[in-house]
Amino acid sequence: MALNWSFRVIFVSTMWCALLKFATLGEPKDDNDYGGGCPFVVLGNGTHAKPAGCSHLCNGAPETLDNIECYNVTEEVAKRMTPGIPYACWLGWCNKGECKRGNRTEVCYRGSEEE
């Protein structure tokens, strides 16, 4: 009787391990819909990244940001910045697609394309 019980425990344990292994082999499912948008150009400050401006064209249509901190720099200027060189950038706040400049600056830089 004990042999029969041991066999059942081993069999169930083996099947459970096999099930867990096969259940985790697939790619994780990503249920988020990113909407096929275009990424904004961002500038870093060593600890955080913020968008350069609050609007741009994506496939001919405007995309805007609202209610987040930004750098009051156009995407065109940000793209011309030399990667890794520190710049003084005006901080702002996105309001209806426009980066409203505040009264503070902070060091910002453009990262390399690999980042």
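The backbone N, Cα and C atoms fix where each Cβ goes, glycine too.
Record features (Swiss-Prot):
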- 1-26: signal peptide (SIGNAL)
- C38-C58: disulfide bond (DISULFID)
- N45: N-linked glycosylation site (CARBOHYD)
- C54-C94: disulfide bond (DISULFID)
- C70-C99: disulfide bond (DISULFID)
- N72: N-linked glycosylation site (CARBOHYD)
- C89-C108: disulfide bond (DISULFID)
- N103: N-linked glycosylation site (CARBOHYD)
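Structural mapping of features recorded in Swiss-Prot.
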{"residue": "C38", "record": "disulfide bond", "DSSP (3 states)": "coil"}
{"residue": "N45", "record": "N-linked glycosylation site", "DSSP (3 states)": "coil"}
{"residue": "C54", "record": "disulfide bond", "DSSP (3 states)": "coil"}
{"residue": "C70", "record": "disulfide bond", "DSSP (3 states)": "strand"}
{"residue": "C89", "record": "disulfide bond", "DSSP (3 states)": "strand"}
{"residue": "C94", "record": "disulfide bond", "DSSP (3 states)": "strand"}
{"residue": "C99", "record": "disulfide bond", "DSSP (3 states)": "strand"}
{"residue": "C108", "record": "disulfide bond", "DSSP (3 states)": "strand"}
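Among the disulfide-bonded residues listed here, namely C54, C58, C108, C54 has its C-alpha nearest to that of C99 (disulfide bond). The Cβ of N103 (N-linked glycosylation site) lies under 8 Å from no Cβ of any same-chain residue at least six residues away in sequence. Ranking the disulfide-bonded residues C54, C58, C70, C89, C108 by how many other Cβ atoms lie within 10 angstroms of each Cβ puts C58 at the bottom. Counting Cβ atoms from all protein chains shown, C94 (disulfide bond) has 20 others lying within 10 Å of its own Cβ. Restricting the disulfide-bonded residues C38, C58, C70, C94, C108 to those with a CA within 10 Å of the CA of N45 (N-linked glycosylation site) leaves C108, listed by sequence position. Within 10 Å of C94 (disulfide bond), judged by CA to CA distance, lies none of the disulfide-bonded residues C38, C58, C108.
All chains included, 15 other C-beta atoms sit within 10 angstroms of the C-beta of N45 (N-linked glycosylation site). The disulfide-bonded residues shown are C38, C54, C58, C89, C108; of these, the one with its CA atom nearest the CA of C70 (disulfide bond) is C54.
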